[in-house]
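Undergrad: Dropping a structure here in structure tokens format, bear with me for questions.
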Amino acid sequence: MARTVVVGLGRSGIGAARLLQAEGHQVTVLERSIEPHLQSLAADLRLQGIAVELGKPLELNSFIPLLDQLDAVVISPGIAWDHPTLTALRQRGIDIDGEMAVAWRSLSHLPWIAITGTNGKTTVTHLLNHVLESNGLRAPMGGNVGHAAAEVALKWRQPNAQRPDWLVMELSSYQIEAAPEIAPRMGIWTNLTPDHLERHGTLDAYRTIKRGLLERSEIRIFNGDDPDLRSQRSSWDKGLWVSSEGPGTANHRADFWIDAEGLVREPQGALFAASALAMPGQHNLQNLLLVTAAARQTGLPAKAIEASLRSFPGVPHRLEQLGHIQQMSVYNDSKATNYDAACVGLKAVPPPAVVLAGGQTKQGDASGWLKQLDQNACAVILFGAGASELQELIKTSGFSGELHCCSNLNAAVTLAIPLGVERQAACLLLSPACASFDQYQDFEARGEHFRSLISSHLTA
């Protein structure tokens, strides 16, 4: 019997293996590591009838014993689509899929709302899920946030499972690239700035991947405030455009916008006050409009959307306000994993700020972030693997505030608190501008560590 190999015992790999096994496939999971927590996960999967082999790197030799019966290989988003081993397997006639493609084949009969973009997509995903479910619609979310898409599909297969009205799926460029068949009912594109260039090579290649998802979407929703998306507007024959900067010009009219009085509008009239969403920053006004546009396409009335916006609790690790230390507001923006996201977050908080930044650096244009640091930060404390590189970058920019380097986040927080009090900073902001993988499993783990370090110091 043909066998499918799933590579990796991460969230998406486990989801794909379980879904494929439930659909009747013979499944083997290959995992390069042998760490104790993975041995426990492997034992659980074996009890479900799924074969697992640990200590198997992504090399052709790991697949040789299975080649005679191998039908397909499913990879996680963290594996490059053009990895040499995958190329060698394709040359042998073996299909390569991403976990998202496996989920799509199981869920394609349901209407998807797919959210992509460099930044903002997680907030939009959470907010849209909240708006839809607050109004009685079944709209589970997953993909790049929350549950793996395959786990969402598994839940739908359970006896007596209620059919979802919508599936709210966040898709990264990695997931889109490995699932080119996904064709959502609705696609939302939040923005595009240089990111993941170490994976995709060029901004054009990165843009093309995300554009493909929107081209396959029946309803397309775009952030017209984003310079890159706006520059591409004439290339789209249809779509809904939103703008937090007004109705636009005759040639670039917005379909949803915020007027001079702070009201959210559509061509038929005013809907509600933009202040219904209590999240700081211009970027969150854009997120509000994207969600409003999508919610209106599902048929929700303005009053229902407004009430849901007012009850939204926010998203962990995205400008999450943790409390105060004396006069300082404390924000956890661990999700700011690139320069553009960090710049947006810094614009949204009250100055002057003590900024904690660092981790695994990425390619990208740091000029906007450096300018914002000089305008809004009285001190920057760097930590992690990229601290020295960032220190040189910030020094070269002529930053006028205090600049310190620490080995890790513990030391950075220990230094930041008294420094912020002394400098009478308005806020203490974790905004790394870097990936987390030098010292953490993911940005969530980094944010949770920051929360634990800061909790005993909070005064309100």
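Placement of Cβ uses the backbone N, Cα and C atoms for every residue, glycine included.
Swiss-Prot lists these features:
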type	residues	note
BINDING	Gly117, Thr118, Asn119, Gly120, Lys121, Thr122, Thr123	ATP binding site
Undergrad: Any idea what DSSP makes of Thr123 (ATP binding site), helix, strand or coil?
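TA: It is helical.
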Undergrad: What are the other residues, in sequence order, whose C-beta lies within 8 angstroms of the center of the C-beta atoms of Gly117, Thr118, Asn119, Gly120, Lys121, Thr122, Thr123 at the ATP site?
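TA: Neighbours within 8 Å of the Cβ centroid, excluding Gly117, Thr118, Asn119, Gly120, Lys121, Thr122, Thr123: Ile115, Val124, Thr190, Asn191, Asn287, Ala341.
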Undergrad: 10 Å Cβ neighbour count around Thr122 (ATP binding site)?
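TA: Result for Thr122 (ATP binding site): 23 neighbouring Cβ atoms inside 10 Å.
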Undergrad: Count the Cβ atoms, other than its own, that fall within 10 Å of the Cβ of Gly117 (ATP binding site), considering every protein chain shown.
TA: 26
